[in-house]
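*Asks:* Here you go, one structure.
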């Protein structure tokens, strides 16, 4: 029974500062590093052995993936990085304190931007200091593929080809898969995996820790879903 382990990146410096992050390439906080290490230890304790790992091109997810593999004694496992697993792009909200954004735009409007399935936040200008246009890690992409803002619907549309081309085939081959990604890219894939409605996915939260495990049958029907937890003494 193949397993898929989702690990949202550990707490980032901007999580700690309560800032909208999106595609901004911020680092893990000290606590986030500890969370990633603990994720690896939980994976080792659970006896889960991976055949392949996937992550985004953002350092907080890459570092979480590397630490989780290192502390589960699986640092040799191949890791594939893809922009399609990046966090949702928060557009012009990127870098703003969430409380300041609410004060400027109103609590209700910010809540809609954050939590609705298909409402886009304000677009990011191409000359914004956090723009992905011109960033070397996206040099191989057509400029039209680089977003200026995303909602969860668009995030799923971006992530879905990677699920269909990479992750799902690996699982169908019986491989155990690790995905180190982000709250909203994981939520998008969970919607696909569990066949959730647009309304149902809005109530799903993905914590920075611990990792989330799915077990599948040969047709990728979910047989079990659980968060890893320390074994009781």
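Glycine is treated like the rest: Cβ placed from N, Cα and C.
In case it's useful when we look at the structure, here is the feature table from Swiss-Prot:
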- 9: active site, tele-phosphohistidine intermediate (ACT_SITE)
- 87: active site, proton donor/acceptor (ACT_SITE)
- 8-15, 21-22, 60, 87-90, 98, 114-115, 183-184: substrate binding site (BINDING)
- 182: site 'Transition state stabilizer' (SITE)
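Walk me through where these features lie, including what they touch and how far apart they are.
*Replies:* Residue 9 (active site, tele-phosphohistidine intermediate) falls outside any helix or strand according to DSSP and counts as coil. Other Cβ atoms within 10 Å of the Cβ of residue 9 (active site, tele-phosphohistidine intermediate), summed over all protein chains shown, number 33.
Under the DSSP three-state reduction, residue 87 (active site, proton donor/acceptor) is assigned to coil, being neither helix nor strand. With a 10 A radius on its CB, residue 87 (active site, proton donor/acceptor) counts 25 other CB atoms from all the protein chains.
Just so you know, the Cβ of residue 88 (substrate binding site) picks up 27 other Cβ atoms within 10 Å once every protein chain is counted.
Around residue 182 (site 'Transition state stabilizer'), taking its Cβ as the centre, 27 other Cβ atoms fall within 10 Å, counting all chains.
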*Asks:* Any idea which of the binding-site residues 11, 14, 22 has the thinnest Cβ neighbourhood at 10 Å?
*Replies:* 14
*Asks:* Does anything in the same chain, at least 6 positions from residue 8 (substrate binding site), have a Cβ under 8 Å from its Cβ, and if so what?
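*Replies:* Counting only residues 6 or more apart in sequence, the Cβ neighbours of residue 8 (substrate binding site) under 8 Å are 64, 181, 182, 183, 186, 206, 207, 208, 209.
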*Asks:* Among 9, 14, 22, 98, these being the recorded positions, pick the one whose CA is nearest to that of residue 87 (active site, proton donor/acceptor).
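*Replies:* Looking at Cα distances from residue 87 (active site, proton donor/acceptor), the smallest one goes to 22.
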